[in-house]
Structure formats: C-alpha cells, structure tokens
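Per Swiss-Prot, the features are:
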BINDING   10, 11, 12, 13, 36, 37, 38, 121, 123, 202  NADPH binding site
BINDING   122, 148, 149, 173, 196, 209, 214, 215, 218  1-deoxy-D-xylulose 5-phosphate binding site
BINDING   147, 149, 218  Mn(2+) binding site
COMPBIAS  370-380  compositional bias 'Basic and acidic residues'
REGION    367-390  region 'Disordered'
C-alpha cells in the first residue's frame with residue numbers, strides 16, 4: 001500500500017490522479033490533499049478518500065471546508081498548509097500538480113522531506129529546475145515526470161545509457177490554431193483558443209498550447225529533468241498526439257512512447273513506478289488511425305516557444321521571469337485585455353529587459369516570477385492605452 005499526497009487535487013491532473021487511486025484501492029491510500037478554492041469538490045474528495053490532512057489556498061475556504069469535513073481530517077490553509085501536506089510524515093509519494101508558480105514551495109518541501117515526487121507542475125522546473133534537481137540528488141529523491149511528453153522521454157530512456165543520447169524530441173499537437181493563417185491570429189478569441197483538439201486541460205495550459213509557449217516551457221523542464229542541453233532538445237508538431245515524445249540515440253535510432261491522449265496513463269506510470277498498472281482505457285488502434293504526421297513548428301506564427309530557448313541561453317532568473325510574464329499575459333488575453341499575438345510580444349519585451357541573476361533559493365525564483373508578472377501587466381496596460389496607429 002503506497003500512501004500518497006496529492007497537491008492540486010481539485011484541478012484537472014488531481015482529479016484524474018484520484019480516479020487512478022480509486023481504481024486501485026488495494027495499492028494506494030490518500031493521506032493528504034491540497035487544493036485551491038473549490039471547497040465543494042474538495043469535500044467530495046475528503047468524503048471518498050478520508051485523508052488525514054487537507055489544505056486550501058486561504059482561510060475563508062478553510063472555514064467552509066472545516067464546517068462540513070468529517071471528523072479526523074485536519075484542515076489547513078495557505079502556502080504553509082500545502083507545504084505541510086507535501087511534507088507529511090505518512091506520505092510515501094507526492095503528486096505535485098498545483099498549477100503555476102504557486103506550486104513551487106510545496107514541490108520543494110516534498111523534495112526536502114525526502115519524498116519521491118510525481119511532477120505535473122512544470123513551472124517548478126521552469127522557475128528553479130537546476131536548484132530542485134540539485135536538492136533531489138542530495139536527498140536521493142526520485143522525480144518522476146507526469147507531463148505526457150516528459151513521461152514519454154522517461155519511458156524511452158529506460159534501459160539505455162544516458163551518455164548515448166543524441167537529442168530529445170518533444171512532440172506538440174500544434175494546438176487549436178495550428179492551421180490558422182498568420183493574418184488571423186491577432187483576432188483569435190479566447191473561446192476559439194480554448195478548443196484544444198486532443199487534450200482536456202485547464203484554461204492557462206490550453207492557451208499555452210495554442211501559442212506553443214507550453215512546448216517552450218517543456219523544453220526548459222526537459223533541460224533540467226534529464227540533464228540535456230537545450231541545443232539537443234527539439235520540437236516537432238504532431239497533430240495526432242499519439243507519439244508523446246522521442247529520444248534519438250547516437251547510432252541514429254529513435255525510441256518513442258505512443259499511446260492514446262489520456263493523462264491517466266502518465267499519472268499511473270509515475271504513481272506506480274517501477275511497476276505498471278492495468279488501466280481500462282481504449283487501446284491505441286494504429287490500423288484504424290492509418291497514419292502519423294509530423295511537421296516543424298512555425299516560429300513566424302508561433303514565436304512563443306523560441307523565448308524558452310532564449311531564456312535558457314540567458315540563464316539564471318530568466319526562465320522564471322518568462323514564466324511569470326506568460327501567466328500575466330495569458331490572464332490578460334482570457335480577460336480580453338490583450339490580443340492572442342500580444343502574449344508572445346509582451347513576454348519577449350519582459351524577457352529582454354530583465355537583468356539576469358543566479359537562482360540561489362526558491363524565494364528568489366518566486367520573486368523573479370512575480371517580477372515578470374508585474375512587468376507584463378505594466379506592458380499590457382501600456383498597450384491598451386497606447387494611441388492607435390494611423
């Protein structure tokens with residue numbers, strides 16, 4: 001029986017992780033849950049899984065949960081609450097799925113407590129990947145990726161010598177706007193950009209998929225997770241989302257992981273590792289699929305992913321600043337305060353204006369991300385009030 005804590009339990013990944021737990025009651029016991037403000041969903045989870053401790057983002061939500069939670073469940077709040085769940089002494093595995101930079105402190109706490117981590121929070125690696133991997137190595141902690149692409153790379157590396165890797169190849173669906181002409185992108189609405197063809201995800205990551213910023217952030221994540229320089233990490237657009245990513249070896253051989261588009265696959269791989277668990281999911285029928293297509297990404301239409309390579313080139317706090325700027329720009333787009341194409345423009349402006357410093361602590365990484373967010377908000381506001389060109 002593996003005792004697990006799930007951070008971000010009411011989000012998309014957290015809900016699917018609990019679905020996996022529910023399928024294997026003899027394998028998993030939930031000891032802790034951390035959520036945002038969705039008290040009704042968290043209460044449903046508490047009643048079903050009976051965790052010992054839960055946390056929500058603020059005290060108001062905590063009071064609402066305490067009023068209805070069954071006896072025996074401790075209810076905490078804020079960052080300190082999420083950290084307590086992540087480092088709970090009874091947890092033998094922590095799934096880190098709190099979205100955005102908000103998940104960094106709890107992810108770091110799990111590592112410091114010596115817990116194996118299933119990492120679904122890519123921003124932790126983007127903000128402080130070098131630091132976290134160093135701490136994980138010092139603590140002897142395994143970090144198992146939950147992003148489908150990084151899970152695919154992890155699976156494609158099993159049994160191989162890391163020194164024989166030539167490059168990593170991350171696949172991208174291309175998002176809902178893959179075939180949209182460049183001239184139309186500036187007028188794309190949030191509703192259109194949120195219609196992902198293959199995956200069901202939260203709003204922020206879906207917009208990042210549409211801009212290809214998500215793939216850029218995954219390049220940063222892969223750079224630290226697998227210790228491969230960005231010059232040896234490539235992106236290829238693969239609309240079917242069947243090949244989840246690939247590893248090319250020095251002899252020219254490519255090993256890939258294929259599967260249907262269902263996050264319960266990589267979630268169960270991380271949670272059950274080193275064993276695989278039988279999932280009642282539809283099989284991948286390659287005969288019916290008929291073909292797999294691949295194409296290079298188009299930096300002219302979707303320049304956002306190139307900013308991630310630039311951030312890695314700059315080093316230090318640059319990736320954290322880029323991540324924060326993207327969070328603010330995407331929020332502005334969803335609120336109709338900036339256009340789709342302005343997301344990348346704002347992020348590029350913030351990144352190039354930033355004075356880079358080495359990342360020496362989690363708090364410094366978070367401060368850099370917050371700086372990027374503030375600078376992006378300023379630029380969105382300035383653009384909104386700029387006179388129209390004649």
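Just so you know, the numbers here start at 1 and follow the chain as drawn.
Each Cβ is built from the backbone N, Cα and C atoms, and glycine gets one as well.
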Secondary structure split (DSSP) over the compositional bias 'Basic and acidic residues' (370-380) reads 11 helix, 0 strand, 0 coil
Its Cβ having more other Cβ atoms within 10 Å than any other among the binding-site residues 10, 38, the winner is 10
Candidates 12, 214 (binding-site residues); min other-Cβ count within 10 Å returns 12
Within 10 angstroms of the C-beta of residue 218 (1-deoxy-D-xylulose 5-phosphate binding site), the count of other C-beta atoms across all shown chains comes to 31
Of all C-alpha pairs drawn from the NADPH-binding set 10, 11, 12, 13, 36, 37, 38, 121, 123, 202, the farthest apart lie at a distance in Å of 22
Rounded Cα distance, in Å, between residue 12 (NADPH binding site) and residue 147 (Mn(2+) binding site) is 12
Quick tally, other C-beta within 10 angstroms, 122, 196; top of the binding-site residues is 122
The binding-site residues listed are 10, 36, 38, 214; by CA-CA distance, the one closest to residue 147 (Mn(2+) binding site) is 214
Within 10 Å of residue 218 (1-deoxy-D-xylulose 5-phosphate binding site) (Cα basis), scanning binding-site residues 36, 38, 123, I find 123
